[in-house]
Amino acid sequence: MEEDNKPLLDSVRRGSYTDKGSTDSLDRGARRPFHVEHRNIVENDPSERVSAEASVLSSRVHYYSRLTAASDRLLSPPDHVIPCPEELYVYSPLGMAFKVTGGDGGAKNPSIVTIFAIWNTMMGTSILSIPWGIKQAGFTLGIILLISMGLLTLYCCLRVLKSPKSIPYIDTSDWEFPDVCKYYFGKFGQWSSLVFSMVSLIGAMVVYWVLMSNFLFNTGKFIYNYAHNVSMSDTEFGTNGSERVICPFPDTGDHKGNCSSGISGLYLNNNNNYYYYGNDTSDTAVFDRWWSKTNTIPFYLIILLLPLLNFRSASFFARFTFLGTISVVYLIILVTLKAIRLGFHLEFHWLESTQFYVPEFRLLFPQLTGVLTLAFFIHNCIITLMKSNKHQENNVRDLSVAYLLVGLTYLYVGVLIFAAFPSPPLSKDCIEPNFLDNFPSSDVLVFVARTCLLFQMTTVYPLLGYLVRVQMMSQVFGKHYPSFFHVFTLNIFIVGTGVCMAKYYPNIGSIIRYSGATCGLALVFVFPSLVHMISQKRRGELSWPSAIFHSLLIVLGVANVAGQFFM
């Protein structure tokens, strides 16, 4: 008897429409623009009028809406009646109509734009630590590892890019990689991918805080010394001549002295004191007390950056992302000029260690692999970046070309800095995790680089904080901005972490390698390999060579993390 009371037409399933895509969050089954007589459309041309075709489409939708009550979904307009996203207007009873933009009708980028967008996104702070990483691994082994890690991370990135398409019978056009992990691994996959994504983002923000403290310190030091005519004497830890190179921590061996607090200068004697030539050394001592790289500068940044993190939207700072490209291009020019003026200082020692040259192969090579994991890391946003590519059939080619450009950039900077470092008189072990620290604050070209990077990181830091907030708050509370208290508490934690690391452990090389290896374990090696093997097994295509190869990738990811703690 219950079946006799059922309507002849089943209710329209809203999910069948939403799965097919939407335009600016408008449900295809809920779009009911109503028609008004020919009035002006508010668009680029104020004299544009509603076309006859648009009037007919609007009349049809209006007809369907009158067949049943407004709350009844039995006779929702079918897809062929609703205008295409490119022709969709929302009509107003005031006689105006606004064109709906977005969705699938958005602008697409040619391949060259997509390639350089990926290159610009991947070019981060890791480029400053590549020379140090090559030094830790040895010159020859460092080059081999850089090329190998580039190829491995590219392959895993391709697996991430293709992962949504491996899921049958489901529209995955709007899915990201965490959605794929949720499909295969449930809540564990969703939350674990979120946690490791947070590790990469917060790790990057910590590195930014340490670098901004460094750049602000050296910029202020340059301005103060120039204004007060203060110069520092040559010591045995620096080179003479027009292109000066220094060894800030000559007595620390592996340079763990980067972590010591209170060291606020460049030229040190055995007691960590400065040699100054100036008129008023007491004023200089006061300045050094209040302008310390580890004791005061990290706290000064709180005044500037903490308010910026609490903005509801980061659209203002997104306008300055082009500064990243300018900074990287300037760094490449700077490295080229320094290499030309300093010349190459290379001797090949395959096994033995000498006073001024490191071996070609060193057991500390996992430190470089950790840095490279983060340097080549773009796996958590590659699906979004490639959606805007105009020719989707060229995604594999464009991604490969982008990785090639990134690898060549890292190789160029790392090899030139390592080869041009003057050894003798300085040891290659003096190369710092931030290679700009090997140049004095009085260097004008380096001063410009530090100033540009400082401004660029000041604009990018709120963007990273916005990404952390959106991903975490949306997962935990279901809202991007649940309240000011929630957002402020999260920002206090992020800023506090950066301040503590900048004060007690300002070694960006170690921070990058730990965070890179940790987030890379899940998002670069484990999840892409497991997803690919599971999808192959469900299709009956999993072979033993594929299973062994992808299992080996997982083992390499685990070994990469373990190597950071034992090497």
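Cβ coordinates are placed from backbone N, Cα and C, and glycine is handled just like the others.
Positions annotated as domain 'Amino acid transporter transmembrane' by TrEMBL: 114-223 (among others). Break the domain 'Amino acid transporter transmembrane' (114-223) down by DSSP state and the numbers are 95 helix, 0 strand, 15 coil.
Residues annotated as domain 'Amino acid transporter transmembrane' in TrEMBL: 298-563 (among others).
Taken from TrEMBL, the feature region 'Disordered' covers 1-35.
What TrEMBL records for 112-132 (among others) is transmembrane segment.
Taken from TrEMBL, the feature transmembrane segment covers 138-158 (among others). When Cβ-Cβ distances below 8 Å are used as the criterion, the transmembrane segment (138-158) is approached by residues 130, 346, 348, 350, 358-362, 365, 368-369, 372-373, 376-379, 382, 396, 399-400, 403, 406-407, 410-411, 414-415, 418, 520, 524-525, 528-529, 553, 556 of the same chain, each at least six residues removed from its ends.
Per TrEMBL, transmembrane segment is recorded for 191-211 (among others). A Cβ distance under 8 Å defines the sequence-distant neighbours of the transmembrane segment (191-211), meaning residues of its chain 6+ beyond its ends; these are 124-125, 128, 177-178, 181, 185, 298, 301, 374, 377, 380, 434, 453, 457, 460-461, 464-465, 467-468, 471-472, 475, 494-495, 497-499, 501-502, 506, 508, 511-512, 514-516, 518-519, 521-523, 527.
Feature annotation from TrEMBL assigns transmembrane segment to 297-313 (among others).
Sequence annotations record features per position, and here TrEMBL assigns transmembrane segment to 320-344 (among others). Residues 116, 120, 123-124, 127, 242-243, 245, 409, 412-413, 416-417, 419-422, 439, 445-446, 448-449, 452-453, 455-456, 459-460, 463 of the same chain lie 6 or more positions beyond the ends of the transmembrane segment (320-344) yet place their CB under 8 Å from a CB of it.
Long-range neighbours of the transmembrane segment (364-386) within the same chain, counting only residues 6 or more positions beyond its ends whose Cβ lies under 8 Å from a Cβ of the stretch, are 114, 117-118, 121-122, 124, 126-127, 129-130, 132-134, 136-138, 141-142, 145-146, 149-150, 153-154, 156-157, 160-161, 164, 175-177, 193, 197, 200, 203-204, 392, 395, 398-399, 403, 406-407, 410, 509-510, 512-517, 519-520, 523-524, 528, 559-560, 563-564, 566-567. According to TrEMBL, the transmembrane segment annotation covers 364-386 (among others).
Sequence annotations record features per position, and here TrEMBL assigns transmembrane segment to 398-421 (among others). Here the transmembrane segment (398-421) has long-range neighbours at 111, 114-116, 118-119, 122-123, 126-127, 130-131, 133-135, 139, 142-143, 146-147, 150, 153-154, 157-158, 161, 245, 328, 331-332, 335-336, 338-339, 342-346, 372, 375-376, 382, 386, 389, 428, 430-431, 435, 438, meaning same-chain residues at least 6 beyond its ends whose C-beta is under 8 angstroms from one of its own.
Look at TrEMBL and you will find 444-464 (among others) tagged as transmembrane segment.
According to TrEMBL, the transmembrane segment annotation covers 484-505 (among others). Same-chain neighbours of the transmembrane segment (484-505): 202, 205-206, 208-210, 213, 259, 261, 294-295, 297-299, 301-302, 305-306, 309-310, 465, 468-469, 472-473, 477, 511, counting only residues six or more beyond its ends whose CB sits under 8 Å from a CB of the stretch.
Under the heading transmembrane segment, TrEMBL lists 511-535 (among others).
Per TrEMBL, transmembrane segment is recorded for 547-566 (among others).
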